[in-house]
Amino acid sequence: MLDYLNIRRDLHQIPEIGLEEYKTHAYLMQVIDGLTAGLDFVEIRTWRTGILVFIKGSSPDKTIGWRTDIDGLPIVEDTGLDFASTHEGRMHACGHDMHMTVALGLLEQAVSTQPTHNLLFLFQPAEENEAGGMLMYEDGAFGDWLPDEFYGLHVRPDLKVGDIATNRGTLFAGTCEVKLTFKGKGGHAAFPHEANDALVAASYFITQVQTIVSRNVDPIEGAVVTFGSLHAGTTNNVIAETAFLHGTIRTLTQEMNLLTQKRLREIAEGLAQSFGLELDLELKQGGYLPVENHPDLADELMDFFQKEEGVQLIDIEPAMTGEDFGYLLSKVKGVMFWLGVDSPYALHHPKMTPDEAALPFAIEKIGKFLDYKINER
(Lines of atoms letter the chains of each structure in order from A and count residues from 1; the text may use other names and numbers.)
(Lines give C-alpha, C1' and ligand atoms only; values in the text may rest on other atoms or scores of the structure.)
Protein backbone atom coordinates (compact mmCIF):
# COMPACT_ATOMS: atom_id res chain seq x y z
CA MET A 1 0.00 0.00 0.00
CA LEU A 2 1.25 3.47 -0.87
CA ASP A 3 2.47 5.73 1.91
CA TYR A 4 0.30 8.77 1.20
CA LEU A 5 2.06 11.08 3.65
CA ASN A 6 5.52 10.36 2.28
CA ILE A 7 4.32 10.79 -1.30
CA ARG A 8 2.67 14.11 -0.55
CA ARG A 9 5.75 15.35 1.30
CA ASP A 10 8.09 14.19 -1.45
CA LEU A 11 6.02 16.01 -4.05
CA HIS A 12 5.74 19.10 -1.85
CA GLN A 13 9.52 19.44 -1.90
CA ILE A 14 9.83 19.54 -5.71
CA PRO A 15 7.28 22.10 -6.99
CA GLU A 16 7.79 23.16 -10.59
CA ILE A 17 5.94 25.65 -12.76
CA GLY A 18 3.88 24.69 -15.77
CA LEU A 19 5.48 22.61 -18.53
CA GLU A 20 8.68 22.43 -16.46
CA GLU A 21 7.49 19.68 -14.10
CA TYR A 22 10.38 17.35 -14.96
CA LYS A 23 11.18 16.02 -11.49
CA THR A 24 7.47 15.75 -10.74
CA HIS A 25 6.92 13.79 -13.95
CA ALA A 26 9.76 11.41 -13.12
CA TYR A 27 8.48 10.88 -9.57
CA LEU A 28 4.94 10.21 -10.76
CA MET A 29 6.13 7.80 -13.45
CA GLN A 30 8.13 5.84 -10.89
CA VAL A 31 5.07 5.39 -8.68
CA ILE A 32 2.74 4.68 -11.61
CA ASP A 33 5.11 2.11 -13.10
CA GLY A 34 5.30 0.38 -9.73
CA LEU A 35 1.51 0.23 -9.45
CA THR A 36 0.86 -1.00 -12.98
CA ALA A 37 3.81 -3.30 -13.72
CA GLY A 38 2.67 -6.54 -15.35
CA LEU A 39 -0.95 -5.44 -15.77
CA ASP A 40 -2.03 -6.12 -19.35
CA PHE A 41 -5.17 -3.99 -18.99
CA VAL A 42 -3.22 -0.77 -18.29
CA GLU A 43 -1.56 1.49 -20.87
CA ILE A 44 0.45 4.66 -20.29
CA ARG A 45 1.06 7.63 -22.57
CA THR A 46 2.93 10.86 -21.93
CA TRP A 47 2.54 14.34 -23.36
CA ARG A 48 5.44 16.62 -22.53
CA THR A 49 5.31 16.58 -18.70
CA GLY A 50 1.76 15.21 -18.62
CA ILE A 51 0.83 11.56 -18.07
CA LEU A 52 -2.22 9.56 -19.13
CA VAL A 53 -2.94 6.18 -17.54
CA PHE A 54 -5.67 4.15 -19.27
CA ILE A 55 -7.27 1.21 -17.47
CA LYS A 56 -9.16 -0.92 -19.97
CA GLY A 57 -12.45 -2.35 -18.76
CA SER A 58 -13.43 -5.98 -19.19
CA SER A 59 -16.62 -5.10 -21.10
CA PRO A 60 -16.65 -1.32 -21.36
CA ASP A 61 -19.58 0.84 -22.38
CA LYS A 62 -17.87 4.11 -21.45
CA THR A 63 -14.69 5.77 -20.23
CA ILE A 64 -14.63 7.61 -16.92
CA GLY A 65 -11.90 10.23 -16.44
CA TRP A 66 -10.16 11.48 -13.30
CA ARG A 67 -8.00 14.57 -13.69
CA THR A 68 -5.34 16.01 -11.41
CA ASP A 69 -3.03 18.96 -11.93
CA ILE A 70 0.69 18.67 -11.16
CA ASP A 71 2.31 22.12 -11.30
CA GLY A 72 3.40 24.49 -8.56
CA LEU A 73 3.56 28.27 -8.22
CA PRO A 74 6.31 30.93 -8.34
CA ILE A 75 5.98 31.64 -4.61
CA VAL A 76 8.60 31.66 -1.84
CA GLU A 77 7.39 29.15 0.75
CA ASP A 78 7.07 30.32 4.37
CA THR A 79 5.51 27.30 6.08
CA GLY A 80 8.48 26.28 8.21
CA LEU A 81 7.78 22.63 7.40
CA ASP A 82 10.54 20.04 7.61
CA PHE A 83 9.57 19.04 4.07
CA ALA A 84 9.33 22.55 2.63
CA SER A 85 10.14 23.27 -1.00
CA THR A 86 13.72 22.62 -2.06
CA HIS A 87 13.19 24.63 -5.25
CA GLU A 88 13.93 28.29 -4.64
CA GLY A 89 10.99 30.56 -5.44
CA ARG A 90 8.65 27.64 -6.07
CA MET A 91 5.89 26.25 -3.86
CA HIS A 92 2.90 23.94 -3.93
CA ALA A 93 0.74 26.71 -2.49
CA CYS A 94 -2.39 25.61 -4.35
CA GLY A 95 -2.47 22.05 -3.08
CA HIS A 96 -1.54 20.26 -6.28
CA ASP A 97 0.75 18.01 -4.22
CA MET A 98 -2.40 16.89 -2.39
CA HIS A 99 -4.24 16.46 -5.69
CA MET A 100 -1.50 14.23 -7.10
CA THR A 101 -1.35 12.11 -3.96
CA VAL A 102 -5.10 11.54 -4.04
CA ALA A 103 -4.89 10.56 -7.72
CA LEU A 104 -2.12 8.05 -7.04
CA GLY A 105 -4.14 6.56 -4.19
CA LEU A 106 -7.18 6.28 -6.44
CA LEU A 107 -5.05 4.67 -9.15
CA GLU A 108 -3.74 2.12 -6.66
CA GLN A 109 -7.30 1.12 -5.81
CA ALA A 110 -8.47 1.12 -9.42
CA VAL A 111 -5.81 -1.30 -10.69
CA SER A 112 -6.35 -3.86 -7.92
CA THR A 113 -8.78 -5.61 -10.25
CA GLN A 114 -9.85 -4.98 -13.84
CA PRO A 115 -12.99 -2.81 -13.89
CA THR A 116 -16.02 -3.23 -16.09
CA HIS A 117 -15.66 0.16 -17.79
CA ASN A 118 -12.58 2.10 -18.87
CA LEU A 119 -10.94 4.54 -16.48
CA LEU A 120 -8.50 7.29 -17.50
CA PHE A 121 -6.21 9.07 -15.06
CA LEU A 122 -4.92 12.40 -16.35
CA PHE A 123 -1.91 13.95 -14.62
CA GLN A 124 -2.12 17.37 -16.25
CA PRO A 125 0.67 19.96 -16.35
CA ALA A 126 0.44 23.74 -16.44
CA GLU A 127 -2.89 24.41 -14.76
CA GLU A 128 -1.66 27.64 -13.23
CA ASN A 129 -0.12 29.40 -16.19
CA GLU A 130 -0.66 27.83 -19.62
CA ALA A 131 -4.02 26.02 -19.49
CA GLY A 132 -2.41 22.62 -19.90
CA GLY A 133 -5.73 20.84 -20.32
CA MET A 134 -6.51 22.90 -23.39
CA LEU A 135 -3.01 22.36 -24.78
CA MET A 136 -3.34 18.59 -24.40
CA TYR A 137 -6.80 18.50 -25.93
CA GLU A 138 -5.85 20.68 -28.90
CA ASP A 139 -2.70 18.62 -29.51
CA GLY A 140 -4.69 15.38 -29.65
CA ALA A 141 -3.06 13.92 -26.53
CA PHE A 142 -6.21 12.03 -25.54
CA GLY A 143 -6.74 10.28 -28.85
CA ASP A 144 -9.31 7.51 -28.42
CA TRP A 145 -8.91 7.70 -24.65
CA LEU A 146 -11.03 10.85 -24.33
CA PRO A 147 -13.47 10.18 -21.47
CA ASP A 148 -17.23 10.22 -21.71
CA GLU A 149 -17.33 11.76 -18.22
CA PHE A 150 -14.62 13.74 -16.42
CA TYR A 151 -14.21 14.30 -12.67
CA GLY A 152 -11.74 16.26 -10.57
CA LEU A 153 -11.29 18.06 -7.28
CA HIS A 154 -9.59 21.08 -5.76
CA VAL A 155 -8.58 21.47 -2.14
CA ARG A 156 -10.20 24.29 -0.19
CA PRO A 157 -8.58 25.62 3.01
CA ASP A 158 -11.71 27.15 4.57
CA LEU A 159 -13.58 23.82 4.52
CA LYS A 160 -13.04 21.12 7.13
CA VAL A 161 -11.61 17.66 6.56
CA GLY A 162 -14.63 15.54 5.69
CA ASP A 163 -16.28 18.30 3.67
CA ILE A 164 -17.00 17.79 -0.02
CA ALA A 165 -18.61 20.80 -1.70
CA THR A 166 -19.99 21.30 -5.17
CA ASN A 167 -23.13 22.37 -7.03
CA ARG A 168 -25.21 21.59 -10.10
CA GLY A 169 -24.02 24.54 -12.16
CA THR A 170 -21.02 26.85 -12.31
CA LEU A 171 -18.41 26.13 -9.63
CA PHE A 172 -15.48 28.34 -10.72
CA ALA A 173 -15.35 31.54 -12.73
CA GLY A 174 -13.92 31.98 -16.17
CA THR A 175 -10.89 34.26 -16.13
CA CYS A 176 -9.15 36.53 -18.60
CA GLU A 177 -5.71 38.05 -18.10
CA VAL A 178 -5.40 41.70 -19.16
CA LYS A 179 -2.16 43.46 -20.11
CA LEU A 180 -2.36 47.08 -21.17
CA THR A 181 0.19 49.75 -22.09
CA PHE A 182 -0.53 53.42 -22.76
CA LYS A 183 2.30 55.22 -24.56
CA GLY A 184 2.55 58.99 -24.69
CA LYS A 185 5.46 61.42 -24.54
CA GLY A 186 7.74 61.95 -21.57
CA GLY A 187 9.01 65.29 -20.39
CA HIS A 188 9.90 67.55 -17.48
CA ALA A 189 7.24 67.86 -14.81
CA ALA A 190 7.48 71.66 -15.11
CA PHE A 191 6.37 71.56 -18.75
CA PRO A 192 3.36 69.23 -18.96
CA HIS A 193 2.10 71.02 -22.07
CA GLU A 194 5.13 69.73 -23.95
CA ALA A 195 4.52 66.11 -22.93
CA ASN A 196 1.66 63.61 -23.01
CA ASP A 197 1.22 61.96 -19.62
CA ALA A 198 0.49 58.23 -19.87
CA LEU A 199 0.03 58.00 -16.10
CA VAL A 200 -2.94 60.37 -16.13
CA ALA A 201 -4.64 58.25 -18.79
CA ALA A 202 -3.92 55.08 -16.81
CA SER A 203 -5.51 56.65 -13.74
CA TYR A 204 -8.63 57.50 -15.71
CA PHE A 205 -8.70 53.96 -17.08
CA ILE A 206 -8.54 52.35 -13.63
CA THR A 207 -11.60 54.28 -12.47
CA GLN A 208 -13.53 54.01 -15.73
CA VAL A 209 -13.31 50.22 -16.01
CA GLN A 210 -15.09 49.93 -12.66
CA THR A 211 -18.22 51.16 -14.45
CA ILE A 212 -18.29 47.88 -16.38
CA VAL A 213 -19.32 46.01 -13.24
CA SER A 214 -21.63 48.74 -11.97
CA ARG A 215 -23.31 49.64 -15.26
CA ASN A 216 -22.86 46.84 -17.82
CA VAL A 217 -23.08 43.66 -15.75
CA ASP A 218 -26.37 42.20 -14.59
CA PRO A 219 -26.21 42.77 -10.80
CA ILE A 220 -27.74 39.33 -10.23
CA GLU A 221 -24.89 37.72 -12.16
CA GLY A 222 -21.84 39.69 -11.07
CA ALA A 223 -18.30 40.05 -12.40
CA VAL A 224 -14.86 41.11 -11.23
CA VAL A 225 -12.50 43.53 -12.96
CA THR A 226 -9.32 43.97 -10.93
CA PHE A 227 -6.00 45.59 -11.80
CA GLY A 228 -3.38 44.60 -9.28
CA SER A 229 -0.36 46.16 -10.96
CA LEU A 230 0.39 49.61 -12.43
CA HIS A 231 3.90 50.66 -13.43
CA ALA A 232 4.66 54.12 -14.80
CA GLY A 233 7.42 56.69 -14.61
CA THR A 234 10.89 56.74 -13.09
CA THR A 235 10.98 59.66 -10.64
CA ASN A 236 8.91 62.48 -9.19
CA ASN A 237 9.72 65.26 -11.63
CA VAL A 238 9.53 63.40 -14.95
CA ILE A 239 6.25 62.89 -16.78
CA ALA A 240 5.66 59.21 -17.53
CA GLU A 241 5.96 58.26 -21.18
CA THR A 242 4.40 54.83 -20.67
CA ALA A 243 2.05 53.21 -18.20
CA PHE A 244 1.66 49.43 -17.95
CA LEU A 245 -1.33 47.82 -16.23
CA HIS A 246 -1.85 44.13 -15.44
CA GLY A 247 -5.21 42.82 -14.32
CA THR A 248 -7.87 40.15 -14.49
CA ILE A 249 -11.50 39.67 -15.52
CA ARG A 250 -13.57 37.01 -13.75
CA THR A 251 -17.14 36.03 -14.59
CA LEU A 252 -19.46 33.09 -14.00
CA THR A 253 -20.55 32.76 -17.63
CA GLN A 254 -18.56 32.91 -20.84
CA GLU A 255 -21.07 35.34 -22.33
CA MET A 256 -20.42 37.82 -19.54
CA ASN A 257 -16.68 37.34 -19.88
CA LEU A 258 -16.82 38.25 -23.55
CA LEU A 259 -19.03 41.27 -22.81
CA THR A 260 -16.62 42.47 -20.12
CA GLN A 261 -13.66 42.03 -22.46
CA LYS A 262 -15.51 44.02 -25.14
CA ARG A 263 -16.34 46.91 -22.81
CA LEU A 264 -12.80 47.02 -21.41
CA ARG A 265 -11.39 47.24 -24.91
CA GLU A 266 -13.82 50.02 -25.84
CA ILE A 267 -12.90 52.04 -22.75
CA ALA A 268 -9.17 51.59 -23.32
CA GLU A 269 -9.40 52.54 -27.00
CA GLY A 270 -11.62 55.52 -26.22
CA LEU A 271 -9.23 56.86 -23.58
CA ALA A 272 -6.22 56.34 -25.82
CA GLN A 273 -7.93 58.31 -28.56
CA SER A 274 -9.11 61.11 -26.28
CA PHE A 275 -5.65 61.53 -24.71
CA GLY A 276 -3.82 61.09 -28.00
CA LEU A 277 -1.91 58.03 -26.83
CA GLU A 278 -0.81 54.78 -28.41
CA LEU A 279 -2.40 51.65 -26.96
CA ASP A 280 -1.18 48.07 -26.69
CA LEU A 281 -3.87 45.77 -25.27
CA GLU A 282 -3.68 42.00 -24.72
CA LEU A 283 -6.68 39.98 -23.53
CA LYS A 284 -5.70 36.38 -22.81
CA GLN A 285 -8.36 33.92 -21.72
CA GLY A 286 -7.03 30.74 -23.27
CA GLY A 287 -8.46 27.68 -21.56
CA TYR A 288 -9.67 29.33 -18.37
CA LEU A 289 -13.38 29.00 -19.08
CA PRO A 290 -16.02 28.81 -16.34
CA VAL A 291 -16.08 25.41 -14.62
CA GLU A 292 -19.62 24.29 -15.40
CA ASN A 293 -20.76 21.07 -13.77
CA HIS A 294 -23.16 18.82 -15.68
CA PRO A 295 -26.43 18.99 -13.69
CA ASP A 296 -27.33 15.29 -13.94
CA LEU A 297 -23.83 14.05 -13.14
CA ALA A 298 -23.56 16.54 -10.28
CA ASP A 299 -26.88 15.25 -8.94
CA GLU A 300 -25.54 11.71 -9.07
CA LEU A 301 -22.27 12.60 -7.35
CA MET A 302 -23.96 14.70 -4.68
CA ASP A 303 -26.51 11.98 -3.98
CA PHE A 304 -23.70 9.43 -3.66
CA PHE A 305 -21.72 11.48 -1.15
CA GLN A 306 -24.85 12.54 0.71
CA LYS A 307 -25.37 8.88 1.58
CA GLU A 308 -21.72 8.18 2.38
CA GLU A 309 -20.99 7.99 6.09
CA GLY A 310 -18.37 10.47 7.26
CA VAL A 311 -18.90 12.90 4.38
CA GLN A 312 -20.32 16.35 4.98
CA LEU A 313 -21.75 17.29 1.59
CA ILE A 314 -22.17 21.01 0.95
CA ASP A 315 -24.19 22.52 -1.89
CA ILE A 316 -21.93 25.53 -2.38
CA GLU A 317 -22.11 28.85 -4.20
CA PRO A 318 -19.78 29.53 -7.15
CA ALA A 319 -16.34 31.03 -6.48
CA MET A 320 -14.52 33.63 -8.56
CA THR A 321 -11.36 31.54 -8.58
CA GLY A 322 -10.28 30.22 -11.97
CA GLU A 323 -9.44 26.66 -13.08
CA ASP A 324 -8.48 25.37 -16.50
CA PHE A 325 -10.56 22.22 -15.94
CA GLY A 326 -13.33 24.47 -17.26
CA TYR A 327 -11.96 23.96 -20.76
CA LEU A 328 -12.09 20.16 -20.53
CA LEU A 329 -15.60 20.33 -19.07
CA SER A 330 -16.63 22.41 -22.10
CA LYS A 331 -15.64 19.39 -24.22
CA VAL A 332 -16.62 16.50 -21.92
CA LYS A 333 -19.47 16.50 -19.42
CA GLY A 334 -18.38 16.11 -15.84
CA VAL A 335 -18.13 17.47 -12.31
CA MET A 336 -15.57 19.26 -10.20
CA PHE A 337 -15.80 19.60 -6.43
CA TRP A 338 -14.02 21.11 -3.46
CA LEU A 339 -12.23 18.97 -0.87
CA GLY A 340 -11.87 20.47 2.61
CA VAL A 341 -8.31 20.64 3.98
CA ASP A 342 -8.81 22.98 6.97
CA SER A 343 -5.96 25.50 6.72
CA PRO A 344 -6.01 29.03 8.18
CA TYR A 345 -4.20 30.30 5.09
CA ALA A 346 -5.76 30.75 1.67
CA LEU A 347 -4.72 29.14 -1.59
CA HIS A 348 -1.59 30.77 -3.06
CA HIS A 349 -0.50 31.99 0.39
CA PRO A 350 3.16 31.25 1.28
CA LYS A 351 2.00 29.67 4.57
CA MET A 352 -0.79 27.51 3.08
CA THR A 353 -0.54 24.11 4.79
CA PRO A 354 -3.37 21.62 4.18
CA ASP A 355 -4.36 19.07 6.80
CA GLU A 356 -2.97 15.75 5.56
CA ALA A 357 -5.86 13.91 7.23
CA ALA A 358 -7.77 14.81 4.08
CA LEU A 359 -5.68 12.33 2.08
CA PRO A 360 -6.95 8.98 3.42
CA PHE A 361 -10.45 10.44 3.65
CA ALA A 362 -10.45 11.54 0.01
CA ILE A 363 -8.89 8.36 -1.33
CA GLU A 364 -11.39 6.18 0.53
CA LYS A 365 -14.53 8.16 -0.29
CA ILE A 366 -13.71 9.18 -3.85
CA GLY A 367 -12.41 5.67 -4.48
CA LYS A 368 -15.85 4.31 -3.64
CA PHE A 369 -17.45 6.76 -6.06
CA LEU A 370 -15.08 5.85 -8.89
CA ASP A 371 -15.58 2.15 -8.18
CA TYR A 372 -19.32 2.70 -8.51
CA LYS A 373 -18.87 4.58 -11.80
CA ILE A 374 -16.54 2.05 -13.44
CA ASN A 375 -18.52 -1.02 -12.42
CA GLU A 376 -22.12 0.16 -12.76
CA ARG A 377 -24.41 -1.50 -15.27
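Here the Cβ of each residue, glycine as well, is placed from N, Cα and C on the backbone.
In Swiss-Prot this protein carries:
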type     : residues : note
ACT_SITE : Asp69    : active site
ACT_SITE : Glu128   : active site, proton acceptor
| query | Once the DSSP letters are reduced so that anything not helix or strand counts as coil, what is the residue listed as 'active site, proton acceptor'? | reply | coil
| remark: Taking only the CA atoms, the spacing between Asp69 (active site) and the residue listed as 'active site, proton acceptor', expressed in whole angstrom, is 9
